[in-house]
Amino acid sequence: MRLMKEVRGRNQTEVTEFLLLGLSDNPDLQGVLFALFLLIYMANMVGNLGMIVLIKIDLCLHTPMYFFLSSLSFVDASYSSSVTPKMLVNLMAENKAISFHGCAAQFYFFGSFLGTECFLLAMMAYDRYAAIWNPLLYPVLVSGRICFLLIATSFLAGCGNAAIHTGMTFRLSFCGSNRINHFYCDTPPLLKLSCSDTHFNGIVIMAFSSFIVISCVMIVLISYLCIFIAVLKMPSLEGRHKAFSTCASYLMAVTIFFGTILFMYLRPTSSYSMEQDKVVSVFYTVIIPVLNPLIYSLKNKDVKKALKKILWKHIL
């Protein structure tokens, strides 16, 4: 009986919803931030979903490279959509609450797509390595079946990693404050709110995040080191310039993405600054998904040619 009373008392004090404090509590900034992030989100959807449609309808783009790009666009649109709409609503609404299960769902889907993007970027580096290092063997090294398996593995790994993090985070007790000092449900602010011992969670998160990010970064670095060596051996100066141009834009995007992830999740817990982290979070949840279609695709001659053809046929 005593145990039942303790459990009942604990359940009465446990948190059933959270309050997302958002980016700023200054009411004068709410409207400006809403308009700005709405425009960015719309550009994100147009760019990424447009890229998916373009690759789908143009037969010339039905190759492994563009299958990867299409998957990346889907992931960018998805992980931004798991955060941005709720952020936009909270910028204009007085009630900034999110239910316990809603917070868990947002946490899971955001983590799934973010993890999937890490793996996809590594797979795309391997794809570029195979295409430049040995073009004759490229159809064998990255066949349609292998491409599908690489992408499916990326999604499964991302979802599995997010499931572990979500299960470990939301099994904790939240019986004190329910005010999340962030604009979405993220790991550091949630762990700070928990009244359970979060030491083990911190170790597991650090271990999994370190393994995923470092292994993906190593694949990218090794792939591009091999690409760099292969490009230097090219007899054509024009071919070298084209290859270096493609690699430079890709490496810039990878550096921005993994740099922000490393900064956010692979630091000691004691060094977290919520205000600083919110700014960095805006960068990789809102800005990077908009930049990726430009960096990866719109600088590509095949994509621009396909886009002109579609516009000429259906609009002009």
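Heads up, the Cβ atoms here are built off N, Cα and C, so glycines get one too.
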Original post:
Based on Swiss-Prot, are Ala104 and Leu307 on matching sides of the membrane?
Top reply: no
Subject >> Positions on the same chain near the topological domain 'Cytoplasmic' (300-316), where near means CB under 8 A and six or more residues out >> reply: 51, 54, 57-58, 60-61, 66
Original post:
Any idea which of the disulfide-bonded residues Cys103, Cys195 has the thinnest Cβ neighbourhood at 10 Å?
Top reply: Cys195
**OP:** Go through 136-156, 211-231, 246-266, 279-299 and flag the stretch with the largest number of C-beta pairs under 8 Å relative to the transmembrane segment (35-55).
**Re:** 279-299
**OP:** Summarise the model's confidence over the topological domain 'Cytoplasmic' (232-245) as a mean pLDDT value.
**Re:** 75
**OP:** Six or more residues out from either end of the topological domain 'Extracellular' (78-104), which same-chain residues have a Cβ under 8 Å from its Cβ atoms?
**Re:** 15-23, 30-31, 33-34, 37-38, 41, 44-45, 110, 112-114, 117, 166, 170, 174, 180, 183-185, 190, 285-286, 289
**OP:** With DSSP as the reference, give the number of residues of the topological domain 'Extracellular' (78-104) in helix, strand and coil.
**Re:** 18 helix, 3 strand, 6 coil
Subject >> DSSP residue counts for the topological domain 'Cytoplasmic' (126-135), split into helix, strand and coil >> reply: 9 helix, 0 strand, 1 coil
